[in-house]
Amino acid sequence: MFKFTQMTLSQLEVGETGIVKEFTDLEMSVKLMEMGCLPGEEVRVSRIAPLGDPIAIHVSGYQLSLRKFEASTIILQ
Amino acid sequence: MKADIRVALVGNPNTGKSTLFNALTGLNQKIGNFPGVTVDKKIGYSQLPDGRSAEIIDLPGTYSLYPKSRDESIVFSVLAEKATELTPDLVVVILDATNLKRNLLLYTQVADLKIPVIIALNMIDLAKKGGVVINIDLLAKKLGVPVIPISARKLDGIANLKAAISFANKFALQEGSIDVKAIAPDLIDSICKEIDTENPYFALQLAHQHETLKFLTPAQSDRIEELEKEHSFHSQKAQATETIARYNYINDVLYDTVKTPVTAQDESHSNKIDKVLTHRVFGFVIFMGILLFMFQSIFAWSAYPMSLIEDLFVLIQRGLRDALPTGPLTDLLIDGVVAGLSGVLVFIPQIAILFAFISILEDTGYMARVTFMMDKIMRKVGLNGKSVVPLIGGFACAVPSIMSTRTIENWKDRMITIMVTPLVACSARLPVYTLLIALVVPSRNVWWIFNLQGLALTGMYVLSLVSAVIVAWVMKFILKSRERGYFIMELPVYRMPRWNNVLFSMYERAKTFVLEAGKVIIAVSIILWVLSSYGPGDRFKNIETKYSQPQYAQSMKPHSLARVISTEKLENSYAGVLGHTIEPVIRPLGFDWKIGIALITSFAAREVFVGTMATIYSVDGDADRIDSVQQKMRNAKNPDGSPVFTLAVAFSLMMFYAFAMQCASTVAVVYRETKDWRWPATQFVYMTLLAYGAAFLVYNLLK
């Protein structure tokens, strides 16, 4: 099935990396891209908050925190 | 002060912008508001090497000219509005050398507005240490602007930056970054004609932001709206296109100018700290530990300076009493003004210590981690991870904390945060608590290191947080949401706190407290003294006539006669009448009419309580004995001879102060931030009801 092949950022474990492909949410994508999270950019999950949400990712040379739901709008290659 | 050149400082958050501002201006700065909005405007003056002076404006930190919050929206309007008293001649964009890519986005936006620009490349020392190699000359050449490497913390390169400011061009010479017109060619052309500008990026920004810009006339704004419809302009799509184009340009610029190692050293260092501080168990333990340490220290470290200040005021009062002739004016000065003043100044140590802690926590980057750890819990109760900062700031003062809720983008989260922040035990409650706890809780150590008084205080603080969380949870179901919440936030690298900034913030906050709260407290003290020294009609005269009858002079010693007279006078004064009027309402809480007077005056500001107690009991007691407020309250007796301040009364009072909205400044700031009187009114009513209920409950449980 088509959707099983799509991996989102929220599915990555700590330490795993991926490359941003596209976004499912335009409003969110504008904010994420301003913060350096753009298509073609490598992202690495650096940690997950003690209660499982939000997560911290390494992108564009710094650490960005975002909620799991927000991460799920980022589709990886 | 008139300056020769006006310079605006622009940059991302966490780039050391305030440190640079302090380095450029020293203590020569003032804080005000931007016209029409309540955003802090910091302006300072700097002497340039060529003898001219520069006025430096510190603009709020932002990642982009597209604002996410009210603070950020100031940046574009200051830069774009022509010929005002704030329009800069030159913009210094401060960039973090360890993270150039994301920092350059804002630079390219500012550069495209075609205002003369200089780049201050900050933290160049940290970048070098982390193995980042920057070809500064090539970078400057490619961008077409001067690039000055600096380290604001170490004050390196500040002189070069000042020189660059004095040599700066009057005209913008930077290279254009992206083809702005390609984003919306027809619309940009039409707006350029409409507004009479030649700058396509200015026109595009107007298309995005015209609804919130104050410098456009309504007619202009409506016209832009029409044009947008005509050319079917989609704001978010246009922003996305622009951001991608900008990052393409930035990648081109950085390709041969910056070499970054695979992981910057600084970052991995930060990572190690994070493993401990955001650990699933230790993370919370450490956070609780830090809070406990904070409150223990506030109590312990301030004790000595506070008693010094108190003693000093007792000396001053005694000296004045001896030096001045007796009379109502001397009484007003000593029992009204000086007693009130000592009530204010005595809290300086506590407030300074509290603000030192808060600015250290923010400066090191720890506050961002607390936000990160707490977001999930906070969301459950209807708040947002970002609500943690105003809530913790609420320990200091609700007023700046409520202003700091502007960083919360979501309307509902922000409103709930504003509604519950005043429940958090602010520093104005601290004097009330310390005074009452010292009265009824013994100073004894339990479990090795915990002082019983410190524990009682910590308990009051924990209670305040718990009540804020419960009220927020209830409000989550009452308020209807208008938009979605976000939590896209930078986790800055851990840094050592800048001790200069910490000291500066201690000084600044203590000064604001003394000036702002001081005015209210002294005014209230004077009014209170008048109200308690004079009575309606000829009641006072009647008392004097009554006690001048010979049988009183025969049966009583002059000493106790004077006391009886002054007590009866206080009871019949305006204040006494007022206190007696509300006594039936507060009797179930264990309060008498004297405490009633304190409750009424405290609705101006909570810390007035202590001053009021001082004034009431100095009027009440003998004039020759000058005790500290605490002694006066300890000696206070009910008519039947039992002490007034029992455990039940003290804790009932503390409950009342914990919940009641007794702060005129908070009411005002909530109105200013929400622009609707219904918010502060609702807040006032719900908090006062809570206060009454809690005090009633506690009094009856402990009685």
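Quick reminder: no glycine exception, Cβ is built from N, Cα and C everywhere.
Here the structure is a predicted model, which means the values were calculated and not measured.
According to TrEMBL, the features are:
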DOMAIN    B:4-171  domain 'FeoB-type G'
TRANSMEM  B:281-304  transmembrane segment
TRANSMEM  B:337-361  transmembrane segment
TRANSMEM  B:381-403  transmembrane segment
TRANSMEM  B:415-442  transmembrane segment
TRANSMEM  B:454-475  transmembrane segment
TRANSMEM  B:513-531  transmembrane segment
TRANSMEM  B:644-671  transmembrane segment
TRANSMEM  B:683-702  transmembrane segment
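Fewer than three CB pairs closer than 8 A are found between the transmembrane segment (B:454-475) and the transmembrane segment (B:337-361), and contact between the two stretches is not assigned (pairs 6 or more residues apart). Within its own chain, the transmembrane segment (B:415-442) is flanked in space by residues 298-299, 343, 346-347, 350-351, 354, 382-384, 387, 390-392, 394-398, 401-402, 405, 408, 452-453, 456-457, 460-461, 463-465, 467-469, 471-472, 475-476, 479, 513, 517, 605-607, 609-610, 613, 629-630, 633-634, 645-647, 650-651, 653-654, 657-659, 661, 663, 666, 670, 673-674, 679, 682-683, 687, which lie at least six positions past its ends and keep a Cβ under 8 Å from the stretch. Sequence-distant contacts of the transmembrane segment (B:381-403), counting only residues of its own chain at least 6 positions beyond either end whose CB sits under 8 Å from a CB of the stretch, comprise 38, 294, 351, 354-355, 358, 361-362, 367, 370-372, 374-375, 410, 412-413, 416-418, 420-428, 461, 465, 468-470, 472-473, 475-476, 479, 485, 487, 489, 509, 513, 663, 665-666, 669-670, 673.
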